[in-house]
Structure formats: structure tokens, C-alpha cells
Amino acid sequence: MFSLHGSKDFLLILFSVCALSSSINSQPTYNYHFCLDQSNETSNTYYQSNLTVLLESLSSKASQNYSFYNESSNIGIYALFLCRGDVSKSTCQTCVSYAIRDITTRCPSNKSAIIWYDQCMLRYSDVNFFGQAQTSPLFLMYNIQNRTSPDQQNLFARSQLDSLIEKANKTERLFSIADQQLTIDGGTPVTGYGLVQCTRDIDGGSCGECLSVLLDTGQKCCESKIGWRVSGPNCFLRYENYSFTEPPPPPPQLQPPQSQPVPVAPQPLPDNNRGKKTTKTVIIAISSIASIAVVAALFGFWFYKYSGRRKHEEERDTSQVIALRSNFARLHSMQLTDSRMHARDVDDSGEMLYFDLSTVLSATNNFSDENKLGEGGFGPVYKGLINGKETAIKRLSMKSKQGLEEFKNEVILIAKLQHNSLVRLLGCCSERDEQILVYEYMANTSLDAFLFDPKKCKELDWAKRINIVNGIAKGLQYLHEDSRLKIIHRDMKASNVLLDDEMNPKISDFGTARMFGRNQIEANTIRIVGTYGYMAPEYAMEGLFSIKSDVYSFGILMLEIVSGKRNSGFYHPERAQSLPSYVWRLWNEGKGVELIDQTIVDTCPISEALRLIHIALLCIQEDPNDRPTMSRVLLMLASKSINLPQPLAPPFSVGRLILSDQSTTIETGTGFLISDQSSTSASS
């Protein structure tokens with residue numbers, strides 16, 4: 001008999017299958033990357049064209065169901081990919097194809113690079129690394145939650161991973177995975193899930209040594225944590241308190257037996273059981289019809305429930321949109337009666353306007369690709385022409401729930417802020433399922449487009465760089481101290497600094513910013529947002545943020561502006577594996593001049609550049625109490641007569657926190673560390 005409980009089970013299975021299919025086919029989860037050995041312009045084109053051919057060959061191998069493949073070109077380029085041993089063939093192919101596109105974007109002019117995702121890793125170099133078990137560069141990620149019984153659980157994890165390493169180096173795939181249960185003090189059962197794997201260009205012995213180095217590194221860092229992982233060029237391991245692997249594919253369906261020819265039956269004789277046979281036939285027919293009816297009822301019930309839920313979500317989202325429009329009206333004394341309102345002229349009065357959707361569509365040529373400038377924090381950004389003036393138009397789809405929250409946050413905050421060093425919000429559009437913000441147009445896009453481009457960086461002479469540093473500092477001082485609100489940006493980085501036609505900087509993207517009370521010093525959050533490499537240690541490790549968190553990010557940004565080097569993915573094979581550690585070593589060796597971007601070192605005032613490095617080191621000190629305020633930073637930038645204190649060592653191993661994707665730990669962060677160890681080889 002059909003039951004509601006049965007329908008729920010069926011729908012649960014149905015939704016699980018759909019969710020699994022969607023998850024498998026989605027883009028891979030990025031972990032980290034290193035860009036190494038930047039090439040010069042002369043040799044770059046030839047090298048990159050050959051690299052493209054080689055990477056395309058790797059992509060074709062992934063599409064042929066390879067889970068590992070290494071190959072070299074005739075000019076001496078070496079590349080490999082490795083997919084995690086438990087993922088499906090389609091997941092592997094998707095990950096490798098995405099990695100090839102991603103790494104060439106992140107490292108456009110480097111002769112060596114490596115990138116890791118949850119599902120695969122990709123590496124290439126102009127130096128032959130095949131057959132060498134290397135453990136540098138490496139990085140670590142860990143869960144910020146601590147174990148309830150650290151000593152007991154740490155020994156348990158070590159034993160489990162040692163066992164997996166021993167198994168892996170004896171298998172052809174150099175891969176092992178298992179879960180194991182432990183009963184801790186008090187009788188509580190705890191399950192540990194472990195995975196180890198090596199690239200298959202090294203032998204089993206080298207694999208075991210490589211994994212042992214990573215295990216020691218992970219235990220020193222994260223033995224008290226409930227989960228962590230360590231990844232290197234040739235091996236990686238992971239330990240969690242939840243299952244993170246892909247489930248095995250369902251068994252193949254049994255093929256029905258081949259149909260046999262139906263023999264011609266003789267003329268039937270009269271049979272007293274004829275009535276019973278007729279009854280059996282009727283029962284079979286009714287059962288088939290009933291089965292179809294049950295399936296139809298299940299889908300009908302699902303459609304009814306799903307439609308109701310969608311209607312509720314749409315009503316909720318509509319109410320959020322109404323609230324947004326109400327905010328617009330309240331903030332700027334505008335009477336928004338309905339979506340038929342027309343935009344007034346964009347002027348310099350500082351008033352934010354409301355634009356109807358038809359105006360925005362006309363301005364962007366119906367959101368055409370030709371008008372697209374790029375991707376913003378919560379969606380695409382288009383160039384538009386409204387009343388003869390160029391604008392930048394951010395578009396958010398209603399389907400993006402997180403984006404909608406950031407959209408609301410940006411409207412509430414930036415609409416109240418006016419400063420020459422902040423991007424100006426001109427107006428908004430909230431109509432149908434579209435949420436749109438209209439900004440002043442910045443002709444030179446973002447700072448990172450110039451700073452990290454081998455050709456465009458030459459346009460940033462010393463005068464422009466010092467002007468950019470001062471402009472950003474003034475914008476942050478306004479946010480922290482001089483505005484009507486006290487704002488912590490929380491995502492200061494080069495891509496969030498836009499440049500106008502005269503290369504003046506303006507801070508943008510307030511989607512993750514937080515508003516403080518005037519007397520509030522710091523706040524705590526379990527939802528960590530921002531960008532690894534720019535996060536202050538207290539924010540990355542404990543979720544604590546304050547104006548000093550922005551000061552730390554500003555210090556990192558200053559180092560990038562002076563050096564022309566990106567902190568994210570920075571690696572120096574002889575000196576350090578992060579930009580702060582590299583700067584600190586040069587500074588203490590009296591070689592700070594080596595940090596200055598080679599495109600400006602011959603034309604900039606060296607003493608002034610070294611002073612900027614000194615101020616940056618003061619901004620990135622580990623203890624937030626030791627960092628200066630932005631007003632103090634501006635004084636130090638403006639007056640050479642102010643004596644600068646000696647900086648304390650920065651935290652070399654701070655990166656990002658990301659939200660766990662497990663429903664049971666959705667509010668739990670995952671720590672991220674870039675190793676600052678010297679190069680180590682696991683092979684003899």
C-alpha cells in the first residue's frame with residue numbers, strides 16, 4: 001500500500017541522487033597554488049605556446065579515463081596531473097580540465113606552477129621533476145575545532161595514518177583510504193577518516209618517505225585539531241572526523257535475459273481452471289496500473305511540495321527586495337512607489353538614484369558579453385552608458401542567496417559613505433528577479449591588473465605607487481575613524497582597489513564589510529570571509545576582527561605594491577615560501593633593496609621605498625596591539641622626521657579560513673597554513 005512515509009523515503013533517495021549528480025559535475029574546490037620561475041617577455045611566448053600544447057595533451061588523457069598521467073615536450077617542459085584515488089572518472093576529467101584553464105590564468109608568465117584542488121592536482125615545470133619525491137613547496141589546511149580528547153585521539157589518528165601509508169606504498173596506485181572507530185573516555189564513539197596518496201612517477205619507498213614527512217609536519221601543526229590535510233608536489237594526506245570521499249558508483253544494472261522465440265501453442269483444451277487464469281491476468285494488469293499510479297502520485301506529491309516551497313522562497317526573496325528598496329528610500333529620502341520609476345540625471349550631488357530595469361538593459365545592451373568587464377564579488381560587472389555617462393553595473397541573480405546578503409550589506413554600508421578614496425555608488429535597481437548596483441566607472445579597472453602584469457606594471461612608476469598607497473590609507477582612515485559609521489572592510493586586496501583614468505585609487509567591494517559601534521573595539525565571528533594571504537592571524541585563527549585586521553591587510557598590500565609580487569602563491573625556493581617571510585629575511589639581512597620591483601628600482605628613491613617596507617612590516621606584526629592605526633600610518637607616510645620603531649616578526653604561516661561544506665559542521669572553519677620550512681626531499 002502507498003504510504004506518505006514511503007514517499008518521503010523515495011523523495012529523499014531521489015533528491016540525494018540529484019544532489020550527488022550536481023555535486024559531481026560542479027567545478028572542483030580550489031585549495032592553493034604556487035607560481036614559480038617567472039619568465040621574461042622574449043622567451044615567454046614560445047614557452048607558453050608549447051606549454052598550451054602539452055596541457056591540452058594532458059586534458060585529452062584525463063578524458064580517456066586516466067587518473068594519473070605525466071608527459072614532457074620536446075623543448076623540455078614537464079607536466080603531470082593526479083586525481084584523488086576515490087573520485088569518479090567524470091570528476092577527474094572535470095577537475096583536470098578546470099585546473100588547466102585555472103593555472104594558466106593564475107600563473108600566465110611562469111615556467112613552473114602547481115595547483116591543488118580537493119579532487120585533483122596539476123603541475124608543470126621547465127625542470128624535470130619526474131621520479132623525484134619532493135615535499136616542498138607544501139601547504140596545510142586544518143579545522144579550527146579542537147578534539148575533545150587530544151592525546152588519545154592524536155595517537156589514534158597517527159596510528160591510522162601510519163597504517164594507511166604502509167598500505168599505500170605497497171599498492172600499484174600508491175593510494176589508500178579507510179575509516180576507523182575509536183571509543184574515547186566516557187564511551188563516546190569517534191570515527192576517523194583518512195586518505196593518503198602519491199603521484200605514480202615515484203616508487204613505493206619514496207612514496208612512504210614523502211608521506212611520512214607530511215604526516216610529521218601535519219602532526220606538529222595540527223595534532224589538537226579534529227581534521228587537517230597536508231599537500232605537497234608528490235604526495236598528500238588528509239584526516240577528518242567526517243567522510244569526505246566520493247561514494248562508489250552504483251553497481252551496473254542486470255541485463256534482462258534474451259527473449260526466446262515464443263512457440264506456437266496447440267489448440268487449448270477445455271479447462272476448469274480458466275476462471276483462475278483470468279483472475280491472475282486481471283491481478284497482474286491491476287498491479288501494473290497501480291505501480292504507475294504510485295509513481296505518478298509520488299511525483300505529484302513532490303511537485304506539490306516543491307512548488308509550495310519555491311513559492312515560499314520567492315515570497316521571502318521578494319520581501320527581502322522590498323526591504324532593500326525601503327532601505328534605498330530611507331537612506332536617500334526617495335519615494336519608490338513601483339518599478340516604473342525612471343532614473344534622474346546622474347550628477348555630482350552625492351544622491352543615490354533608483355534606476356528602472358529598462359534603463360539598465362538599454363545601458364548594457366541587454367547585458368551583452370561585449371559590455372562585460374568581469375566578475376565581481378556577487379556576479380558579473382558590465383560597462384553601461386546612462387544619460388551620457390559611463391557607469392559600472394553589478395548584476396546579481398536572485399538565485400544567489402549569499403550574493404543577496406552581500407548585496408544588502410553593500411547597499412546599507414556604502415550608500416552612507418562618501419569619500420574620494422571610495423568607489424561611489426550612484427544608484428540601484430531592484431526589479432523582477434534582478435538586483436543591480438550602479439557605480440561610477442573606473443577606467444583602469446583594478447590595481448592587480450597592473451601590478452602583477454609583466455607589461456602593465458611598467459606603467460606604475462614610483463610616483464603612481466606612492467600615490468596609490470596614500471590614497472588607500474586615506475580611504476581606510478575614513479572608514480575606521482572619520483565616517484559616520486565605523487567600518488571594517490575585511491577584504492582589502494589589490495583586486496578590490498580600483499583605479500580611475502588618472503590612476504587614483506578607490507576602495508571597492510563592501511559586500512563582506514562590518515559596521516562597528518563607535519566604542520566597539522573588536523568582534524568575533526564563526527563565518528570567516530575574505531581572501532587568504534591578506535587575513536590577519538587573529539582573524540584567520542580565532543575569527544577576531546577589528547580595525548587592526550584591515551591594517552594587516554593594508555601592510556600586505558603595501559609589500560605587494562613595492563615588490564610587484566603577489567602574496568598569494570608566492571614561493572622563493574632558497575629564501576622563503578611566503579611574501580612576509582621573504583621580506584622579513586631580506587630586511588634582517590640588510591638587503592631590503594632586493595625586494596623593490598625591478599621595473600622601478602633604478603628610478604625610485606631607495607630610502608623612501610625602504611621606509612615603505614618598514615611601515616608595512618609594522619602593519620603586519622602578529623599582535624594587533626603592536627600594529628599602528630591608519631591615522632598613524634598616514635603620519636608616518638607623510639613625515640620622514642617621525643622615527644619608526646623596530647618591527648616584530650610577522651606571522652609567516654597565515655592564510656585563509658573557509659567554511660566547511662559538511663552540514664554537521666557548517667559553522668566550522670578550516671585553517672590554512674603555507675609552510676615556511678626549508679626545501680626537503682623524501683628521496684635519497
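Cβ from N, Cα, C; glycine included.
Taken from TrEMBL, the feature compositional bias 'Pro residues' covers 246-269. For 29-129, 135-244, the entry in TrEMBL reads domain 'Gnk2-homologous'. Look at TrEMBL and you will find 367-649 tagged as domain 'Protein kinase'. TrEMBL lists 246-276 with the feature region 'Disordered'. What TrEMBL lists as signal peptide is 1-26. Residues annotated as transmembrane segment in TrEMBL: 282-304.
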Helix, strand and coil residues within the domain 'Gnk2-homologous' (135-244) as assigned by DSSP: 38 helix, 36 strand, 36 coil
Across the domain 'Protein kinase' (367-649), average pLDDT on the 0 to 100 scale: 86
DSSP residue counts for the domain 'Gnk2-homologous' (29-129), split into helix, strand and coil: 41 helix, 34 strand, 26 coil
